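Taken straight from TrEMBL:
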{"type": "REGION", "residues": "1-41", "note": "region 'Disordered'"}
{"type": "TRANSMEM", "residues": "59-85", "note": "transmembrane segment"}
{"type": "TRANSMEM", "residues": "91-116", "note": "transmembrane segment"}
{"type": "TRANSMEM", "residues": "137-169", "note": "transmembrane segment"}
{"type": "TRANSMEM", "residues": "181-201", "note": "transmembrane segment"}
{"type": "TRANSMEM", "residues": "213-232", "note": "transmembrane segment"}
{"type": "TRANSMEM", "residues": "252-271", "note": "transmembrane segment"}
{"type": "TRANSMEM", "residues": "291-314", "note": "transmembrane segment"}
{"type": "TRANSMEM", "residues": "334-360", "note": "transmembrane segment"}
{"type": "TRANSMEM", "residues": "393-413", "note": "transmembrane segment"}
{"type": "TRANSMEM", "residues": "419-441", "note": "transmembrane segment"}
{"type": "TRANSMEM", "residues": "462-484", "note": "transmembrane segment"}
{"type": "TRANSMEM", "residues": "496-518", "note": "transmembrane segment"}
Amino acid sequence: MTLPTSSPRRVAPEGNSTEKSMEHGKVEQGASTPTTSDEDADLSRLGLQSLAKRDIGPLAIVGLGWNICNSWSAIAATLVISISSGGPVTLLYGIVLIFVLGGACALSMAEIASVYPTAGGQYHWTSILTPRRYSRGLSYCCGSINFLGWIANGAGFIIQMPVIILSLASYLDPTYIPETWHIFLVFQAFNIAFTAYNIFLMKRTAWVHDIGFFLSLTGFFVITVTCLARSGQKQSDSFVWTTFVNESGWSSKGIVFLTGLLNPNFIYSGLDGAIHLAEECTNASSAIPKALISTITIGFVSAFTFSVAMLYSFTDLEPVLSSPLPILEIWSQATGSSAAATTFVIVLSSCGCFACTGALQTASRLTWAFARDNAIVFSPFLCKIHPEMGVPVNALLVNWALIFALGCIFLASSTAFNALVATGLILQQVSFAFPAALALYHRSQGGTAFRRVLPRRKFSMPPLIGAAANILTIVLGLLALVFYDFPVVMPVSASNMNYACVVLGVMGLFSVANWFGYANKRYRGPRLNSVY
């Protein structure tokens with residue numbers, strides 16, 4: 001199918017005007033709200049031009065950011081990881097730890113996003129903040145990591161849908177045993193459906209993110225209260241707050257805890273989702289930081305409260321450990337009603353639909369931005385925006401094809417596919433560390449040097465808090481890169497090996513090949529030419 005398209009052109013950066021605008025803070029705290037023309041002018045000064053229409057309001061971008069992470073439902077869908085790797089201790093204290101580390105990531109990105117709200121996000125910031133000699137290489141590396149991470153995230157989000165739905169089918173009909181190919185077919189059906197929705201309906205139904213936000217918080221409240229009210233026999237305080245479960249085979253509790261952090265970390269999977277919609281958002285310099293901070297804050301409150309309530313509500317741990325969908329067994333035990341448990345799973349799957357829709361929307365904008373900068377093969381094709389649909393149709397279709405291919409891995413090995421899902425989270429955290437490390441570098445050069453590249457705008461942090469946030473962001477990136485590659489189960493065999501390191505290696509080879517085969521001579525990221 002051939003679609004009429006239009007593509008953005010690169011605009012030559014305005015050196016002197018950029019320095020005046022950025023160095024002296026054209027939009028500072030207390031300044032008037034920037035108009036769409038102001039925001040587009042700022043993009044032009046960075047050498048960027050966007051044909052995207054700014055039709056996402058501040059509340060909608062908050063809803064989008066929340067729907068992608070959907071923290072309490074992320075805990076519910078991936079509970080099996082923490083249950084076997086530390087149990088209640090890893091789950092609860094892991095959420096607190098991830099809130100601190102993830103909060104640092106949100107603060108670090110919010111500060112930079114308030115100055116440079118672009119669809120490229122982390123890799124654009126890396127390009128801007130890196131000394132010229134290393135700018136292209138480092139920003140391409142960050143962009144590749146972020147791009148591949150969002151493709152993996154898209155597959156990881158969508159796979160939850162068939163797992164949840166077919167586990168419910170097995171629960172309602174114990175004679176039904178889901179086969180691998182069943183999961184594969186449902187996965188691909190959802191991949192097609194979410195992609196089609198993004199192409200044909202997303203721009204006409206921007207309010208869908210508001211509905212998802214309302215449904216998620218309502219579902220969280222109703223499920224939490226119902227489980228606590230209906231559960232007859234509660235677990236003891238000692239079980240909830242001090243029980244450490246080690247079904248992994250690791251002898252070190254520290255390693256068990258750190259590998260089990262993958263589940264709490266999923267509450268912020270896709271944290272940068274709102275960032276990549278910045279060029280379609282009104283008043284993005286203030287709306288994006290608000291979306292990041294609200295996602296972190298509401299996510300922690302809902303995920304922690306939900307987890308505590310669920311741990312108190314169920315009665316028998318063994319069936320939970322052996323269930324393909326542990327949260328379904330917990331809801332069944334807590335309510336004593338299969339109808340209530342079924343209803344809750346329907347709510348969970350509905351939240352998953354909103355998350356997947358938002359994830360594919362965000363991933364396509366990142367693909368489009370990367371192509372606009374001539375960073376990937378077929379960039380002239382991928383950077384086009386459909387004039388009628390108002391979305392990057394080609395980027396959406398290519399992302400669909402990539403996710404389709406990744407779904408085929410599930411047919412060969414669910415273990416390898418699970419490693420792929422973990423890889424998405426690893427790459428996300430590493431992409432956050434790039435601009436955070438560069439911001440920390442500029443802080444170390446003194447306040448004047450820092451303000452030249454990051455002038456104060458709608459969101460800024462005191463120097464010490466900013467430095468601490470940058471350091472913790474780097475720490476989480478390193479922690480994810482190391483410990484999320486560890487085998488979850490010992491002893492290691494071909495069937496239970498964590499292949500995340502292998503997936504990372506393959507992705508690295510593709511990125512290197514693309515660099516030398518295409519991007520090395522073509523890629524140009526945004527720069528502040530007159531600053532340094």
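Placed from the backbone N, Cα and C atoms, the Cβ positions cover glycine too.
Listed as Cβ neighbours of the transmembrane segment (334-360) (distance under 8 Å, sequence separation of 6 or more from its ends, same chain) are residues 64, 67-70, 73, 76-77, 150, 153-154, 157-158, 160-161, 164-165, 167-168, 171-172, 190, 194-195, 197-198, 202, 208-209, 211-212, 215-216, 219, 222-223, 226-228, 230-232, 270, 273, 310, 313-314, 325, 327-328, 396, 399-400. A contact between the transmembrane segment (181-201) and the transmembrane segment (137-169) is present, since 3 or more of their C-beta pairs, 6 or more residues apart, lie under 8 Å. When each of 91-116, 137-169, 291-314, 393-413 is scored by its Cβ pairs under 8 Å to the transmembrane segment (59-85), the top-ranked stretch turns out to be 291-314. Taking residue pairs at least 6 apart in sequence, the transmembrane segment (291-314) and the transmembrane segment (419-441) share fewer than three C-beta contacts under 8 angstroms. When Cβ distances are compared across the two stretches, the transmembrane segment (137-169) makes no contact with the transmembrane segment (291-314), since fewer than 3 pairs at least 6 residues apart fall below 8 angstroms.
Using the rule of three or more Cβ pairs under 8 Å, pairs at least 6 apart in sequence, the transmembrane segment (462-484) is not in contact with the transmembrane segment (213-232). The list of residues near the transmembrane segment (213-232) in space but at least 6 beyond its ends in sequence, with Cβ under 8 angstroms from a Cβ of it, reads 62-63, 66-67, 70, 72-73, 298, 302, 305-306, 309-310, 312-315, 330-331, 333-337, 340, 344, 347-348, 350-351, 354.
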